[in-house]
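Taken from Swiss-Prot as is:
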- 14-183: domain 'N-acetyltransferase' (DOMAIN)
- Trp34, Tyr73: substrate binding site (BINDING)
- Asn147: acetyl-CoA binding site (BINDING)
Amino acid sequence: MNYQIVNIAECSNYQLEAANILTEAFNDLGNNSWPDMTSATKEVKECIESPNLCFGLLINNSLVGWIGLRPMYKETWELHPLVVRPDYQNKGIGKILLKELENRAREQGIIGIALGTDDEYYRTSLSLITITEDNIFDSIKNIKNINKHPYEFYQKNGYYIVGIIPNANGKNKPDIWMWKSLIKE
């Protein structure tokens, strides 16, 4: 696959395409985080602000996915967002973007990446039960993917679950927190 990695901040057309991808990809899931171009454009503008990292992947001069990284702690930053145009999903675009992001993060001295991956639509076993102090750790350990939740994509790329916020998005709608060390041992 021939592709080009581009800095979204350097081109207003890329920013517009990035906002469109954000709206299209999340609306396809039923997620209203960015229901329109105004909210999506605002999100893209925040993602391209310094010192954040934000870049996209072009195929045939068209943006098909993009990724961002922003400070969370001094040496561990938060991945936000990773989004791929629906017609390019499951074709390796996300993995390419993720590996490029990890390499750029290492070059800047970042030693870990954290991310939150919400389960707002009952796509994991965590959303099927009431999480309590007594069952939280077993529930995380025994998580099952019910309907193509992206946590498995991140696991395949070296991230692991470090915790959850049980009702982050409403009753039985957890935010699953994941992390990966970038230290090469």
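If you go along the chain as it appears here, the first residue is 1 and each next one adds 1.
A Cβ is built for glycine as well, from the same backbone N, Cα and C atoms used for every other residue.
Recorded features from Swiss-Prot, shown on the structure.
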residue : record                  : contacts (Cβ under 8 Å, 6+ apart)
Trp34   : substrate binding site  : Ala19, Leu22, Thr23, Phe26, Asn27, Ala40, Glu43
Tyr73   : substrate binding site  : none
Asn147  : acetyl-CoA binding site : Tyr121, Tyr122, Arg123
Take the domain 'N-acetyltransferase' (14-183) and average the pLDDT across it for me.
-> 95
